[in-house]
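Okay, structure first, notes after.
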């Protein structure tokens, strides 16, 4: 009996149980992804025009991205407290919207509805923050896979929630709002006491590699399964019984990962196999201290070296600098020279948000993310119009496909960036540079509009965009520490809507309007506001439509160029952080 109690306690405190529970929370946390299904119900029930509905969409996007409060509360409250706040926001925000839409509560003015949508969607930031903070702390040397998998499931949550709603088959479409209000809140409340740091760095086992491989297999199976189910339900009239079977299988796939903590806790694997994993093992800490001292001495060398040294050949220059550095080291040891030390933390140590905001590395990440993910989000937001302009009638297939590629990009970005840092001790941002170059090629395919280009462009943009959200959080935690990770992560997420606002709200919409008006004049149609993403905000008439690859040619080429610039920023970050990654992951630079 005592042995069983001990194993149950080990199960409850197992870091893999925390990870699996975080996966389940993320599977229903992407509330914003189902807003496209909610908005027609709200529009019809409240007699909104497109302009009013667009304002609700802006409120939704802000709720997705403004996570300052979530990041701050995650540092003050226990993580279960932050999750509870998020669940209450989700329940109150969307629950009140459901009461209004169904006539159970009086209709509120538009500004109040925007606040409700913002509050409801902002609950998602608490779910994301708590899941990432707990799991990154529990898996400090596996941040890439952990972040990629968690963000991947968040991206799939829209498809998962939609499949559950299809199975329940509510007679009233407004019930989807009720499900979005109640479902995630129930899941979060049920799991909130599991989501916490459990000293995961002391639970490392030789079988962890196989465990991650198993989770990746489940991810690939889930992506393939959802893709097949979505295509089948979209192309064929499927019976309700078959939909129920599909959803039950979906639940089984989601539950399967729990076998990992069960096996680790209840198997007879010897406990002495567990080893401790720390961010900087002691020998590496010593090397880091030595490197830090070298860095300080090097800054003195830069001040003391004669200017003519820079004009010497490389070999002679290195020799002269080494001699000067040796003299300064000896002088510092004898007390003849007082070495100036920088104030504040160094790269790889714990930064506060204010300390990070004055670092060039932090802004390199931010602007690289703004240009890269912002252009990807612009494609996602305009994918329907892009496919229509190229003559595709069924736009839903591309929306479904890019959600799957987005998921695989997040999972794959975490996996491959982890190989880079673990096996080669090379900076993780190199993976982000590759993803941004892949996106640059994808934008070119959209610009050219060749036959089949939509499929290839959707694949490349989805993979590249998704990879950002596995790489950036992991890199930020490595360079700026785990202590204030919630605040740092939520600040970086602001780059996503900021980039989308620039690319979609300014560049894409104005170019689309101009091309649509040109085509209208050529066909002698009276000019009016065209069919850009903001067209419904200005007219209730039938909007003009642009046809052909010219509609998004210039926009796509501009975004391709900005993705290349983002890649250059990432490469600069790689150059600046080589030493940090060599220290963290215990290998010397080549």
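For all residues, glycine too, the Cβ spot is worked out from N, Cα and C.
Note: TrEMBL annotation is automatic and uncurated.
Features reported for this protein in TrEMBL:
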- 15-262: domain 'Nodulin-like' (DOMAIN)
- 356-519: domain 'NFD4 C-terminal' (DOMAIN)
- 62-83: transmembrane segment (TRANSMEM)
- 95-119: transmembrane segment (TRANSMEM)
- 149-168: transmembrane segment (TRANSMEM)
- 174-198: transmembrane segment (TRANSMEM)
- 210-232: transmembrane segment (TRANSMEM)
- 238-260: transmembrane segment (TRANSMEM)
- 362-380: transmembrane segment (TRANSMEM)
- 395-417: transmembrane segment (TRANSMEM)
- 429-448: transmembrane segment (TRANSMEM)
- 454-476: transmembrane segment (TRANSMEM)
- 488-512: transmembrane segment (TRANSMEM)
- 552-575: transmembrane segment (TRANSMEM)
Inset, instruction - Check the transmembrane segment (429-448) against each of 149-168, 238-260, 362-380 and return whichever range has the most CB pairs under 8 Å. - result: 362-380
Legend entry - Of 62-83, 95-119, 238-260, 454-476, 552-575, whichever stretch has the most CB pairs under 8 A to the transmembrane segment (149-168): 238-260
Legend entry - Intrachain neighbours beyond the transmembrane segment (362-380), with Cβ under 8 angstroms and 6 or more residues off its ends: 356, 386, 402, 406, 429, 432, 435-436, 439, 442-443, 446, 457, 461-462, 464-465, 468-469, 472, 475-476, 479-480, 488, 491-492, 495-504, 508, 555, 559, 562-563, 565-567, 569-570, 572-573, 576
Legend entry - Stretch contact, the transmembrane segment (395-417) with the transmembrane segment (210-232), Cβ-Cβ under 8 Å, 3+ pairs: yes
Inset, instruction - For the transmembrane segment (95-119), find every same-chain residue at least 6 residues outside the stretch whose CB is under 8 Å from a CB in it, and list them. - result: 41-42, 45-46, 48, 52, 55-56, 58-60, 62-63, 89, 172, 174, 177-178, 181-182
Legend entry - Cβ contacts under 8 Å made by the transmembrane segment (454-476) with residues that lie 6+ beyond its boundaries: 132, 136, 143-144, 146-148, 151-152, 155, 362, 365, 369, 372-373, 376-377, 379-380, 383, 386-387, 390, 392, 398, 401-414, 417-418, 427-429, 431-432, 435-436, 438-439, 441-443, 445-446, 485, 488-489, 492, 563
Legend entry - Within-chain partners of the transmembrane segment (62-83) [C-beta distance under 8 Å, separation at least 6 from its ends]: 25, 32, 117-122, 124-130, 133-134, 188-189, 192-193, 195-197, 353, 484, 486-491, 493-494, 496-497
